[in-house]
Amino acid sequence: MARFKRILLKLSGESLMGEKQYGIDEKRLGEYAQQIKEIHDLGVQIGIVIGGGNIFRGLSGASKGFDRVKGDQMGMLATVINSLGLSSALGAAGVKARVLTAIRMEPIGEFYNKWKAIEAMENGEVVIMSAGTGNPFFTTDTGSSLRGIEIEADVMLKGTRVDGIYTADPEKDPTATKFDDITYDEVLKRGLKVMDLTATCMCKENNLPIIVFDMDTVGNLKKVMTGENIGTLVHN
């Protein structure tokens, strides 16, 4: 029995690289698709937002001389590439998926609106929402917060490379300790980098809880959905 009826799953573009230095690792993509299939089989309604950092990141482009708006638009297109890849992998796993885009680009994907996304999820399709918010200066974390709120998700599941939120970066500080759960106020007070400030405040103001967990460990997504105590819960 799944603990949530409808979720927004945020996936890191960088995680799609797997062992590669750039692009999409087919093995990692297949593992993600299989994990998503497992919770889809539980009857969960699934919306997904994927980053584009494995291909291009607008902010890093700006630091190298790109115009920020054009750089962000390149980043949005990177999320569409990743979304098409995941959609294809889900199809191969026997799960019907639909790509919606925040910018019109038919026939690559359908133009996003809330009602279309909800109807598709209620009909058993996995909905992958790409191209961020369609606007520059917004991260994919902010895009996933917005979409999670719009589709009335019960929770945002933020799949990362680490197994939750720590007092400091566990990859740099061996004394860092993990939170099992933490409030939004505490996240903001401590300046913890769960997501960017805009995304965090949106979730707080709209009472959308987040579970941060390690998506790269196969089986973890189902464990989160069936109530096992992994990751970190962020809530009001």
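Every residue gets a Cβ built from N, Cα and C, even glycine.
Of the residues GLY52, GLY94, GLY164, Swiss-Prot places GLY52 in the same UMP site as ASP72, THR133, GLY134, ASN135, PRO136, PHE137, PHE138, THR139, THR140. The maximum pairwise C-alpha distance among GLY52, ASP72, THR133, GLY134, ASN135, PRO136, PHE137, PHE138, THR139, THR140, the residues recorded as binding UMP, is 15 Å. The Cβ neighbour count for ASN135 (UMP binding site), using a 10 Å radius over every protein chain in view, is 15. Here the CA atom of GLY52 (UMP binding site) lies 8 Å from the CA atom of SER12 (ATP binding site).
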